[in-house]
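Peer 1: Got a structure for you, questions after.
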């Protein structure tokens, strides 16, 4: 008969226990995740009998940004932005504008992509 020493059998038992505990924790985590997904789906599709849980879920449901923006009137903000910007064309600029802060002639700054960056 083959005898296994007590230290090796104890190590074998510890590894088996650790293996079982890890697999059980993974199984319960997966079970919890699937249960919560199915639970939400059942209560969101159930329109026959509203329950307290369904009302609670409905009150905390997230609303998309598009729906919020459809309900809100942004015209005051748009008109203020348009009145603040003073767009000039190239023909209107005569080059004689004096900067009130420094008392010198204002220079035009070219806009567009930075030529130093590729």
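The backbone N, Cα and C atoms fix where each Cβ goes, glycine too.
What Swiss-Prot records for this protein is below:
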{"type": "SIGNAL", "residues": "1-35", "note": "signal peptide"}
{"type": "REGION", "residues": "75-118", "note": "region 'Disordered'"}
{"type": "COMPBIAS", "residues": "75-91", "note": "compositional bias 'Basic and acidic residues'"}
{"type": "COMPBIAS", "residues": "98-108", "note": "compositional bias 'Basic and acidic residues'"}
{"type": "MOD_RES", "residues": "110", "note": "hydroxyproline"}
{"type": "MOD_RES", "residues": "113", "note": "hydroxyproline"}
{"type": "CARBOHYD", "residues": "113", "note": "O-linked glycosylation site"}
Peer 1: From the DSSP assignment alone, can you count helix, strand and coil residues within the compositional bias 'Basic and acidic residues' (98-108)?
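Peer 2: Reading the DSSP string over the compositional bias 'Basic and acidic residues' (98-108) gives 0 helix, 2 strand, 9 coil.
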Peer 1: With H, G and I counted as helix, E and B as strand and the rest as coil, say where DSSP puts residue 113 (hydroxyproline).
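Peer 2: Assignment for residue 113 (hydroxyproline) reads coil.
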Peer 1: I'd like the number of other C-beta atoms within 10 A of the C-beta of residue 110 (hydroxyproline), please.
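Peer 2: Result for residue 110 (hydroxyproline): 5 neighbouring Cβ atoms inside 10 Å.
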Peer 1: Have a look around residue 113 (hydroxyproline) and count the other CB atoms within 10 A of its CB, chains all included.
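Peer 2: Around residue 113 (hydroxyproline), other Cβ atoms within 10 Å: 7.
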